[in-house]
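These notes are about the structure you will find just below.
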Amino acid sequence: MPSTNRAGSLKDPEIAELFFKEDPEKLFTDLREIGHGSFGAVYFARDVRTNEVVAIKKMSYSGKQSTEKWQDIIKEVKFLQRIKHPNSIEYKGCYLREHTAWLVMEYCLGSASDLLEVHKKPLQEVEIAAITHGALQGLAYLHSHTMIHRDIKAGNILLTEPGQVKLADFGSASMASPANSFVGTPYWMAPEVILAMDEGQYDGKVDVWSLGITCIELAERKPPLFNMNAMSALYHIAQNESPTLQSNEWSDYFRNFVDSCLQKIPQDRPTSEELLKHIFVLRERPETVLIDLIQRTKDAVRELDNLQYRKMKKLLFQEAHNGPAVEAQEEEEEQDHGVGRTGTVNSVGSNQSIPSMSISASSQSSSVNSLPDVSDDKSELDMMEGDHTVMSNSSVIHLKPEEENYREEGDPRTRASDPQSPPQVSRHKSHYRNREHFATIRTASLVTRQMQEHEQDSELREQMSGYKRMRRQHQKQLMTLENKLKAEMDEHRLRLDKDLETQRNNFAAEMEKLIKKHQAAMEKEAKVMSNEEKKFQQHIQAQQKKELNSFLESQKREYKLRKEQLKEELNENQSTPKKEKQEWLSKQKENIQHFQAEEEANLLRRQRQYLELECRRFKRRMLLGRHNLEQDLVREELNKRQTQKDLEHAMLLRQHESMQELEFRHLNTIQKMRCELIRLQHQTELTNQLEYNKRRERELRRKHVMEVRQQPKSLKSKELQIKKQFQDTCKIQTRQYKALRNHLLETTPKSEHKAVLKRLKEEQTRKLAILAEQYDHSINEMLSTQALRLDEAQEAECQVLKMQLQQELELLNAYQSKIKMQAEAQHDRELRELEQRVSLRRALLEQKIEEEMLALQNERTERIRSLLERQAREIEAFDSESMRLGFSNMVLSNLSPEAFSHSYPGASGWSHNPTGGPGPHWGHPMGGPPQAWGHPMQGGPQPWGHPSGPMQGVPRGSSMGVRNSPQALRRTASGGRTEQGMSRSTSVTSQISNGSHMSYT
């Protein structure tokens, strides 16, 4: 266990700040125990620094459950530090000494339950309204700060001497709302608190229910169901209707207020703020109603304490004088009985005081006691002196000096008793007297009873504490399991999100890599096409240069041949003069040279036109090839995106199935745990009830045994009483006999005296014999009657107890059956809700997948459309430029065979497919591979004078770009292979409208 969690550890700075470092034994003196509970004791004390009266609650955190006790102390100290309200107890500090926390608070006179204990009768409605109004103001403050008291009852509603109402005992309070802990005192618990673990959370309205029960307690001296076993009361509250006021003497406003507080459904129950506007608490009432009530109570307490003092003084006096006469003692006791009955109604004790979850004195047992009625005054006085009541924490509150001054100055009796004293002197005396006087509305017998009660009834108190501890442990186990499963679910969801994110990142990286690859392919293709164009130009230029050289050589040979022919012709004609021959020969040479020059110029012009035309054709062919490559790359990219999206959707569906399986498994685990905890709880409840039944039967048997043991003494006293009556009768008869004998002796002659005496003697003997017979008969009849009465009474008590215990057991069974049914209904509801959530999530996922697929399809169509439109614009721009340069589209579309009839070293095919082979296109697939430039055409080269002959060997790829170009269709005339290929193309609009897109093959 970490040191910071160890009981009493102050290593945590936040915890250390909660406690003062001083030694409390040096700061507080004159400690007097005024209360006791399972947590420890409550003391009246005086602060030596300010001479201020305070109350100290000592709470030990050693022994069993020390860590739990320490946590309860820390929670209560934190709670007290947070609250500051006139209707809440004032916190002064907390000290630690020898594994005991000294919780110092203001001192008050007592609690509302003390009023009931002292007066032994219900409070008046106006007094209940005043107390309820003050308690409501304190509750409204707590609820506005999302805090819940969770232990509202008369014992925890305190009163100061000026008549101020204060809430106390925050050991059960919750600093968060809503909550779901099983805490409080059973008879005052709201149904949703009892069913907290089974049905969920609750809020501050549980205090409103407890306040309604407290109103009934103040009006009837005890809460509903108080004569019932505490465990049975819990079952009764959870499944039966709300209690109501029994008497008809209360006003309709009070009844409506109580009924509003005790609405079974929390949603129908008003809040504390709403109840502050109820006419019951807003009705006009005397301002001094609580002050007068407190003063009457103090007077009654003083009278009761004086009674106890006189009894003790009498006992001491008797002991000092060896005891007075019995008759005088009995007369004085009877007088004391009369005094006790005039000042108070007979108290009823309780063997059913149940401890609450609170660590305060008031919540260790209920503030009202209950025992069977006792008729004789002696038993009443014994109960008043020795029976056990519950002392609340109300006597642990300090009375402020200014409040004491106000009380003393505001008391008309104080002013009337000393009318001539100056105000300042009176105020000073009042202040000094209240500082020195131990003011309280609790009798000494109440304190003694509480201390004795804490020592007794430990078995019942421990049973309830164990039950509450079990409920807390079950709730903690369930919360631990829920947190564990929630962490597992979060971890699983995080892992799935991480897997999905990893896949998306991988897909993004792959797509980025593919795009870069495509960019590199396009750049490479551009370079290759540029090089091919240069090589193509160089090839044609080389061919043309070779042709030109051949042409020039041919001209030279022709020139020489023609020259020789001309010379021969001149030589044959000898008649022509030489000069004339020379001139004619020169002229012929010039003509030949001029003709050859013209032919050379014509050849150069045709070569230049051919070069420009072929280069333009080549560029158009390269443009179409680049378009085909772009289409292939876009198709590959879109197919890749489609594949990635399909894989992502498949993963989302798998993750949905995985989450669904985990959610159902978690729900099943929680429901199994809840069923097991309910089973253990019901088993514990049944065990506790059976133990309670055995204990009640054992107590009844013990009582009957004591009665049987006491019967001989009772019979002896009855026999002595009958014997005394017989003796008195004998004495009377003897006196009557003597009187009759004297009378007869006086009236009869002396001679008859002997006969008269004999007759009288016989008569006396006969009557005495009759008396003796009557005496024996009376004794026998008394013995038989007393034995029969005892047997009948004990048998009746046994039957009543058996019926009561059987009813409580049936009530427990009904409660447990209801809990099981509610648990099953809750499990079915949770299962249905989970199925609905899963179905909704699946539907949303499928809708998302459909939307993403539609978006991807739209993106695909848009990409294709934009690509085709851009390519069409490029073709159109190229053709427009060609027309401007004087090239016909028909001529550009029909490629010259001379472009492919001359191979050159390193020449490659013009159609490049980066994917490694001819792939499918948006149009009709081509049949056969493209033809390389280096392949010779059929029929050999044609003369340069006929450059525009038919092209038998045009590669089929050359028409591919034209076929896929919608603009080329409008520019190309019909006929020929190219026209056949282009006739199969469609426009961009028709391709998109017909759903033409890349295939996935």
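First residue shown is number 1, and so on along the chain.
Each Cβ is built from the backbone N, Cα and C atoms, and glycine gets one as well.
Here is what Swiss-Prot says about this protein:
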type     : residues                                                             : note
MOD_RES  : Ser9                                                                 : phosphoserine
DOMAIN   : 28-281                                                               : domain 'Protein kinase'
BINDING  : Ile34, Gly35, His36, Gly37, Ser38, Phe39, Gly40, Ala41, Val42, Lys57 : ATP binding site
ACT_SITE : Asp151                                                               : active site, proton acceptor
REGION   : 324-433                                                              : region 'Disordered'
COMPBIAS : 350-373                                                              : compositional bias 'Low complexity'
COMPBIAS : 375-388                                                              : compositional bias 'Basic and acidic residues'
COMPBIAS : 399-416                                                              : compositional bias 'Basic and acidic residues'
MOD_RES  : Ser421                                                               : phosphoserine
MOD_RES  : Ser445                                                               : phosphoserine
COILED   : 458-651                                                              : coiled coil
REGION   : 567-587                                                              : region 'Disordered'
COMPBIAS : 577-587                                                              : compositional bias 'Basic and acidic residues'
MOD_RES  : Thr669                                                               : phosphothreonine
COILED   : 754-877                                                              : coiled coil
REGION   : 911-1001                                                             : region 'Disordered'
MOD_RES  : Ser965                                                               : phosphoserine
COMPBIAS : 975-1001                                                             : compositional bias 'Polar residues'
Exercise. Compute the C-alpha separation of Val42 (ATP binding site) from Ser445 (phosphoserine), stating it in Å without decimals.
Key: 16
Practice problem: Using a 10 Å cut-off, grab the number of neighbouring Cβ atoms around the Cβ of Gly40 (ATP binding site), all chains included. | Solution: 23
Self-check item: For the modified residues Ser445, Thr669, the one whose C-beta sees the most other C-beta atoms within 10 angstroms
Solution: Ser445
Exercise. Work through the binding-site residues one by one (Ile34, His36, Gly40) and name whichever has its CA nearest to the CA of Thr669 (phosphothreonine).
Key: Gly40
Self-check item: Lowest local Cβ density (other Cβ within 10 Å) among binding-site residues: Ile34, Val42
Solution: Ile34
Quiz item: How many other Cβ atoms are found within 10 Å of the Cβ atom of Ser9 (phosphoserine), counting all protein chains shown?
Solution: 15
Exercise. Sort Gly40 (ATP binding site) into helix, strand or coil using the DSSP assignment.
Key: strand
Quiz item: Which one is closest to Ile34 (ATP binding site) in space, judged by CA to CA distance, out of the recorded positions Ser9, Asp151, Ser445?
Solution: Ser445
Practice problem: Work out how many Å separate His36 (ATP binding site) and Ser445 (phosphoserine) at their Cα atoms, rounded off. | Solution: 13
Quiz prompt | Rounded inter-Cα distance in Å - Ser9 (phosphoserine), Gly40 (ATP binding site) | solution = 20
Self-check item: Collapsed DSSP category at the residue listed as 'active site, proton acceptor'
Solution: coil
Quiz item: What's the CA-CA gap between Gly40 (ATP binding site) and the residue listed as 'active site, proton acceptor' in angstrom, rounded?
Solution: 18
Quiz item: What are the DSSP helix, strand and coil residue counts for the region 'Disordered' (567-587)?
Solution: 16 helix, 0 strand, 5 coil
Quiz item: According to DSSP, which kind of secondary structure is the residue listed as 'phosphothreonine' found in, if we only use helix, strand and coil?
Solution: helix
Quiz prompt | Alpha-carbon distance [the residue listed as 'active site, proton acceptor'; Ser445 (phosphoserine)] in Å | solution = 25
Quiz item: Which of the three DSSP-derived classes (helix, strand, coil) applies to Ile34 (ATP binding site)?
Solution: strand
